[in-house]
Each structure stands twice: as structure tokens, then as C-alpha cells.
Amino acid sequence: MDGDNKTIVTEFLLLGLSGKSQQEEVLCGMFLGLYLVTIIGNLLIIFAISCDPHLHTPMYFFLASLSTVDICTSSVTIPKMLVNHIVGSKSISYRECMSQIYFFITFSNMDGFLLSVMAYDRYAAICCPLHYTLIMRPRLCVLLVAASGLITNLHALLHTLLMAQLTFCSNNAVHHFFCDPYPILKLACSDTFINHLMVFTVGGLIFLTPFTCIIVSYAYIFSNVLKLPTARGIRKALSTCGSHLTVVSLFYGAILGVYMHPSSSYSVQDTVATVIFTVVTPMVNPFIYSLRNRDMKVALRKLILRSWK
């Protein structure tokens, strides 16, 4: 790279998950299958919601937004790995790597913000049912998604610009299948104090804000649900939250396992956890919501039947 970027490295080598050619072939085949299921599943969710007027509500608007972000999250990392495997290369250019870091941070954080917005929507529906339509107005829904996108893009831009100021010397081998920020930070031969400081301050704030909103929303939800007179009423109220809680548990469980400690201690277990929320979680989201939601089942059935006619 040129002197402005303060780096000697012009490309990084993505060594994958195992480093062994036979295992990498199996893993690439598995990732291709997971990626196709992710794309098809989330597109079905988006088309079903857009085609069924009964699903033109705030909850399903946020679900369609989440499915869109899940498609983008998977598309940032998996296609490059598959292309490299097909052409027999492990390299990714410096600029491609920085771009991958930017979009990975953007869409990963966007997932968290959308999950918090969906938790707030469930709070409004269960705790304030009479005022729900006044609270969750269409303009507010669009504003919440737009604000989430703006915040996450600015956050990603900050970390990417700081990463671009680092010096990378002879070691350019990344023990991962994409440019995860933590493994890249470990390769820097210049001082990464500012980067780590921003991760634990700004990054911590970006993580804790939606997570806290989810916790507070469900605290209010459970406190209101427990006041219901019948067990049937409790089950009905909680049934609308089950899918969302499952996705939240998968997503934040993996995030806590990977990014809530210094990058110097990044390990194989962290790589597995990264795979969970970059590959597995976007894939299972449509199944969790469709299999546990009667309205989604009906909408998907209509969409499939219409496509066969």
C-alpha cells in the first residue's frame, strides 16, 4: 500500500477455519448450503410480508428489515470465501478487507438494533394495547430503522478508519474465513491502544444500548404478563415473544462469547462463536419466526401456492 495507509501489506491471506484442504472442501460445501438456505429463507419472509396485506404491521415490517439485514450479513463474508475456494486462492486485497470489516460491523450491529426495536414493539403491543397504533405509527417505524442504520454505519466507519491507520508488516495470515476485526488487530505491528479503547467504549455503548433496551422491554412485559388472571392469557401474551427471545439468545450469546474480551485472547472457540452469529443465526431466523407464527405460515403457504399457479 502507499505511505498514506502506513502499511506494507497489500493483501491478507484468509486461511479458513481448519487450514486443511480436505476439511476446507467440506466446510465450503456446508457454507454454500447454509448460504443458499439463508438467502431463500429470508427472501421468502420478505416476499410473504410484502404480498400479504394482513402482515403490513409494525412487527412484520421490522421482521422484513431483519431478514434483509440477515441476507446482507451473510453476503458480506461467505461469497468471498466460496470464490477463493473455487479459484484456488486465499488472498483478499487490503481494500477488500477494510470494506469487509466496515460492512460486517454495520450489519452485525444493525441486527442488534433491530432486535431491540422489535422488543420495544412487543412491549407496546402487550403493555399498551389500546394505544399501540398511536405509539407504533408508520413514520416512527421507518424512523427507528433509519436511525439504526445511521448509527451503525457511523460506528463502522469509525472503526474502519482507525483500522486503516494501523501498520501491517510481514505477517498477513488471518486464521479465519473473513476479515474479522479481532484477528486483523492481532496482525498489526503498530500500537492498537486507540483501537481497543474505541472497541470498549464506543463499541461497548453500541452493544449495551440495544441490549439494555431489550432487557428493559422484557422486564416490563413479564411484569405485566404476570398480572394476567389466567394461564391461557399468559401463554397467549408470551407466545408472541418466544421467537424473538430465541433469536436474541442466539445472537447475543455468540456476541458475548466473542467480543467481550481483549482481541489478544481470540481463540478457536471464538471463531466457532463468530460462525454462529454470522452464518447460523441469519439462516435460522426465518425458520424460527415462520414455524412459531401462524400468520407467517399462512402467508408463506399463500406465496408458495401462488408461485405454483
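Placement of Cβ uses the backbone N, Cα and C atoms for every residue, glycine included.
Listed in TrEMBL for this protein:
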TRANSMEM  30-49  transmembrane segment
DOMAIN    41-289  domain 'G-protein coupled receptors family 1 profile'
TRANSMEM  101-120  transmembrane segment
TRANSMEM  140-158  transmembrane segment
TRANSMEM  197-221  transmembrane segment
TRANSMEM  242-260  transmembrane segment
TRANSMEM  272-291  transmembrane segment
*asked:* Check for me, if you would, whether the transmembrane segment (30-49) reaches the transmembrane segment (272-291) - at least 3 Cβ pairs under 8 Å, residues 6 or more apart in sequence.
replied: yes
*Beyond the flanks of the transmembrane segment (197-221) by at least 6 residues, Cβ under 8 Å*: 109, 112-113, 115-116, 119-120, 122-123, 126-127, 151-152, 155, 158-159, 162, 181, 237, 241, 245, 248, 252, 255, 259, 263
*asked:* I'd like to know the mean pLDDT over the domain 'G-protein coupled receptors family 1 profile' (41-289).
replied: 87
*Close approaches to the transmembrane segment (140-158) from elsewhere in its chain (Cβ under 8 angstroms; 6 or more beyond its ends)*: 58, 61-62, 65, 101-107, 109-110, 113-114, 117, 120, 198, 202-203, 206
